[in-house]
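Reviewing the structure listed below.
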Amino acid sequence: MERCVFYISDGTAITAEVLGHAVLSQFPINVTTFTLPFVENAARAQSVCKQINEIYQDTGVRPLVFYSIISLEVREIIQRSEGFCQDIVQALVAPLQGELGVPPQPVLNRTHGLTESNLDKYDARIAAIDYALAHDDGISLRNLDQAQVILLGVSRCGKTPTSLYLAMQFGIRAANYPFIADDMDNLQLPAALKPFQHKLFGLTINPERLAAIREERRENSRYASLRQCRMEVGEVEALFRKNQIRYLNSTNYSVEEISTKILDILGMSRRMF
């Protein structure tokens, strides 16, 4: 089954995307998505409405429309479209208002916008991103005392995307260090990392998956051979066990799942931005 899906917002549309995707993931359908942020006025809403209606006329199937919009005028224009429209925030606001006994006070871009109230959190997240970039792939072993977690693993097992996701999503200062082929003859935990053993977390991966990933980068190379991948993964997992470093097999997990599991295993607090 194929459906067109619109994520519409007067802000970034991140909320509409996240909640809409979470709902649609429950259904066995294929989707073509249109994300339309900053639909802030009637003229823009009319243009979006026209786009929705044209797809309906061309396909005969109503597009699915998930929206998060403060302006009543803009909401009503979207609701008059030929799409199957779901106001994902208002559906929760009404019952919550009854429970809290307090009327909502909607403010444009409050969720993902930059305001005086969240400036400190924003600065902390940017600092975490800068830290992750400066300490990616063992570039620098300085200031590891400032790291909240240090990821270890073979090349291409997911360390870099996980470090950056932890920084961007949760403001976690994450460093990462790779074990490369030249290390394997006498693999040991680097002296610079030993004082921070409580911060170390290992990532591993099935050798077959690792070989496929490396093959895309260096085709027909020793680096990408299954034999090499099996050897490296085996050596690094043995190092993790020897040094009692907690680790996770990343093969079947997304970067979001890997990051969340690391926080859970290490007992680290999540911060929302």
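From the backbone N, Cα and C atoms, a Cβ is placed for every residue, glycine too.
The following features are taken from Swiss-Prot:
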BINDING   Gly153, Val154, Ser155, Arg156, Cys157, Gly158, Lys159, Thr160  ADP binding site
Structural state of Arg156 (ADP binding site), classified by DSSP into three states: coil
Arg156, Lys159 as binding-site residues, winner by CB count within 10 A: Lys159
Largest tally of Cβ atoms lying within 10 Å of a Cβ, found at which of the binding-site residues Gly153, Gly158: Gly153
Sorted by sequence, non-Gly153, Val154, Ser155, Arg156, Cys157, Gly158, Lys159, Thr160 residues with Cβ within 8 Å of centre, ADP: Asn176, Pro178, Leu203, Ile205
Cβ-Cβ neighbours of Thr160 (ADP binding site) (radius 10 Å): 19
All-chain count of other Cβ atoms within 10 Å of Ser155 (ADP binding site): 18
Cβ neighbour count (within 10 Å, all chains shown) around Val154 (ADP binding site): 27
For Cys157 (ADP binding site): intrachain residues, at least 6 apart, with Cβ closer than 8 Å: Leu203, Thr204, Ile205, Leu210, Ser250
